[in-house]
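Annotated domain 'PDEase' per TrEMBL: 72-391, in sequence order. Feature annotation from TrEMBL assigns AMP binding site to HIS148, ASN149, SER150, VAL151, HIS152, ASP189, ASP295, GLN346. Positions annotated as active site, proton donor by TrEMBL: HIS148. Residues or ranges marked as Zn(2+) 1 binding site in TrEMBL: HIS152, HIS188, ASP189, ASP295. Sequence annotations record features per position, and here TrEMBL assigns Zn(2+) 2 binding site to ASP189. Here TrEMBL flags 388-416 as region 'Disordered'.
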Amino acid sequence: AGTQRAGVLTIVPWQRRLREARCVSSLALATRAESAGSIPARRIRRLFSFQRHLLSSRFLRGAPHLNPLHILDEDYCGQAKCMLEKVGSWNFDIFLFDRLTNGNSLVTLTLYLLSHYGLIELFQLDMVKVHRFLVLVQEDYHNHNPYHNSVHAADVTQAMHCYLKEPKLAKSLTSCDILLGLLAAVTHDLDHPGVNQPFLIKTNHYLAALYRNTSVLENHHWRSAVGLLRETELFSHLPAEDRCRQLGSLILATDISRQNEYLSKFRTHLDQEDLCLGNASHRHFVLQMALKCADICNPCRPWELSKQWSEKVTEEFFHQGDIEKKHKLEVSPLCDSETNSIADVQIGFMTYVVEPLFAEWARFSDTRLSQTMLGHLCLNKASWNAMQPEASGSSEELESEQEASSRALPQGSPQS
């Protein structure tokens, strides 16, 4: 971990700070437990999580484990490290990676990418603050949600990395663009409740009132992210700029109710061939489209990955539908398990939402990755079609319902 000099182990400053942070948080936890008698469980989890992640991420820094007996832990970390070497592959299995990192895929992946792009050194980010911010972000995702959890955030972040590597973006984006793009992917569904905007509105949820029934979830996600940035003071040493506003603009772009607005603007730019990536506002718009693609890219993944995501998101939909039935509320589109199947939901989603977006993205970035995504999308749609029972005279009604549902797709869908 440190450097050996004349028989004396020398600890470099950042390692000393990490050790001091662990000691301080341990002492703070013990002291408060004795003095206060009871500490909010959330705070206790955060202190424990911080210590755990500081230890579990040692392999990212190439540091050996302190306890040589943890052979199984080292083996799992070794496998995770091998996977990170192929993090730019579109076949990256985020489910396996999450298991290998003991449920810490979002923290581990993001730390690696920040280091990979040289952003920690370039922006002189404090490693302790970076760790703490990512731990709090991961914790504020609700992992009891089948779909909108930290694994989804990690998957979107990995997809965003793939898009950032595309030739047009790689040669045009600034380091600030990349940092904002990654942060937006990491936090785009932060503190997602597992239900959609219509549900929040019709149940008179305080968030719906707070944001006046407009982009309720997306506003909550980005403001929650800003709150954690301020709490950890991650950027406190940097000049005050409009980073928070830009982060908000990226996350707000994932609002599915504005899908046609963004897609129409993107298509117009491509038709007129006037996208200039030397222009900061145009680069920001392309980042918005990249995040939108990353957010709903599940149908464009290989079947074995795409199918898992489809099952998870449909489970979340149907759970909301069950709650609505229980409380005698109108069941939201796609959320009724009695009238919808996974195949129905996915075919409508692919046809009316995913295909139009990724067709335009392929026009913008006509690369091997774009063709691979479209190829998987076509195969996956065929697989879901093959699972549908024979039409019984109601195919026109089903098609009409799917089209209507696509216009009002729940923000609890893959793209939120």
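Including glycine, each Cβ sits where the backbone N, Cα and C put it.
Among the record's AMP binders, HIS148, ASN149, SER150, VAL151, HIS152, ASP189, ASP295, GLN346, no two C-alpha atoms are more than 22 Å apart, and one pair sits at exactly that spread.
Predicted-model confidence for the domain 'PDEase' (72-391) is 96, expressed as mean pLDDT. A Cα-Cα distance of 11 Å separates HIS188 (Zn(2+) 1 binding site) from ASN149 (AMP binding site). Take the binding-site residues ASP189, ASP295: by the count of other Cβ atoms within 10 Å of each Cβ, the lowest one is ASP295.
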